[in-house]
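As written in TrEMBL, here are the features:
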{"type": "ACT_SITE", "residues": "Lys39", "note": "active site, proton acceptor"}
{"type": "MOD_RES", "residues": "Lys39", "note": "N6-(pyridoxal phosphate)lysine"}
{"type": "BINDING", "residues": "Arg137, Met316", "note": "substrate binding site"}
{"type": "DOMAIN", "residues": "245-379", "note": "domain 'Alanine racemase C-terminal'"}
{"type": "ACT_SITE", "residues": "Tyr266", "note": "active site, proton acceptor"}
Amino acid sequence: MSTAGTARVEAVVDLDAIRHNVRHLAGLAAGAATMAVVKADGYGHGAVDVARAALDAGATWLGVCTVEEAGELRDAGITAPVLSWLHVPDEDLAPAVGRQVDLGVASRRDLAAAVTAAHATGRPARVHLKIDTGLSRNGCPPADWGDLLDAVADHPGEVEPVAVWTHLAHADAPAHPTIDRQAARFDEAHAAASARLDRPLLAHLANSAATLTRPDLHRDLVRPGIAVYGLDPTDDGVAPALRPAMTFRSRVALLKTVAAGEGVSYGHIWTTPTDRTLALVPAGYADGVPRLLGAAGRLEVAIGGVRRPVVGRVCMDQVMVDLGPAGEPHGVAEGDEVVLFGPDDGGPTAAEWAGLLGTIHYEIVTGVGGRPRVRRSLTGAAGQLTA
Ligand SMILES: *Cc1c(COP(=O)(O)O)cnc(C)c1O
């Protein structure tokens with residue numbers, strides 16, 4: 001395969017896969033609207049490009065964590081509804097309200113910040129009231145819910161309540177008993193809010209896992225994140241139709257022969273058993289290859305479709321790959337493409353890295369570095385226009 005012009009390290013994002021995944025999710029939740037979650041720079045895939053592809057494929061909302069992330073979408077000219085859900089005390093929310101970004105509100109303090117922003121901009125703040133139904137993270141504790149609703153009711157012109165929402169603790173285990181308990185608390189909070197505020201309010205609580213496995217929880221709006229990127233949020237293979245969108249790749253920078261009995265890379269945790277051909281791949285932990293993967297000793301890359309073991313420590317900028325006994329044909333040339341992880345086609349995947357590390361693939365894809373170390377390029381129909 002020709003790799004001329006390929007970057008040293010590159011995250012290639014397949015926007016057709018994003019569109020496919022969003023169409024699939026929106027189809028599963030056909031009775032609900034779909035909010036594509038593009039926080040953390042689109043889980044490392046590029047928030048603006050993913051957002052455009054998702055909207056193109058049937059999502060009608062976008063979800064982010066911070067008002068800065070919302071601002072990036074608005075700066076790019078994206079006008080779709082955006083919800084931003086986590087803010088710190090004294091954060092200036094006026095720019096967000098001025099740009100029609102909806103705000104998550106879970107306390108009187110959050111509400112006060114939204115009211116301040118409404119005064120500053122002269123337009124009501126659209127708020128999604130978050131009830132803590134059992135995740136015990138952000139969200140209003142049920143005991144304070146009535147008080148928060150009173151506070152909202154006290155600011156009729158300044159805040160416009162749009163939704164009641166919550167987040168699940170065990171959605172990745174679809175039969176977990178806490179899910180029904182959270183749903184029951186949620187319905188109670190939603191009913192109380194609708195009655196106290198005397199208006200219809202959207203209901204939303206389904207992340208990717210619940211979108212895929214719990215149609216009873218789709219309500220008015222689903223909020224898939226990881227599934228948009230083609231990664232299965234459960235361990236059960238519930239989402240065979242999803243297509244992983246990111247290929248993280250590098251190139252062979254150097255081939256060399258290392259004599260038998262030599263230590264390789266920092267700390268010499270691996271020693272050549274015989275004279276070996278090694279390939280240097282210029283991607284390391286500064287690019288998003290976790291250093292602990294080297295210690296696990298089971299990291300593999302794919303070169304020309306063949307899996308090869310990484311040997312020795314992962315360094316900041318590079319890893320070494322064992323191509324076998326020196327003198328034996330290996331079919332690898334300097335400049336060849338090296339797939340670090342990619343689609344589930346027999347090569348290594350983000351889920352495989354997560355398994356080696358005892359973490360989740362969410363952390364792997366969001367850990368992929370940005371410019372200037374890692375180039376992000378796009379494939380798929382719109383991608384060719386913007387790459
Ligand atoms: C991140 C996030 C989501 C998306 O979760 P996934 O598991 O990636 O689908 C949905 N809702 C909230 C509040 C989140 O923080």
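Easy rule for this one: first residue shown is 1, then count along the chain.
Glycine too: its Cβ is placed from the backbone N, Cα and C atoms.
Neighbour list (Tyr266 (active site, proton acceptor), Cβ cut-off 8 Å, at least 6 residues apart, same chain): Gly312, Arg313, Cys315.
All protein chains included, Met316 (substrate binding site) registers 11 other Cβ atoms within 10 Å of its own Cβ.
Within the same chain, the residues at least 6 positions away from Lys39 (active site, proton acceptor) whose Cβ sits under 8 Å from its Cβ are Ala47, Gly63, Val64, Cys65, Thr66, Glu69, Gly225, listed in sequence order. Within 10 Å of the C-beta of Arg137 (substrate binding site) we count 11 further C-beta atoms, all protein chains included. When the domain 'Alanine racemase C-terminal' (245-379) is classified with DSSP, helix, strand and coil residues number 22 helix, 48 strand, 65 coil.
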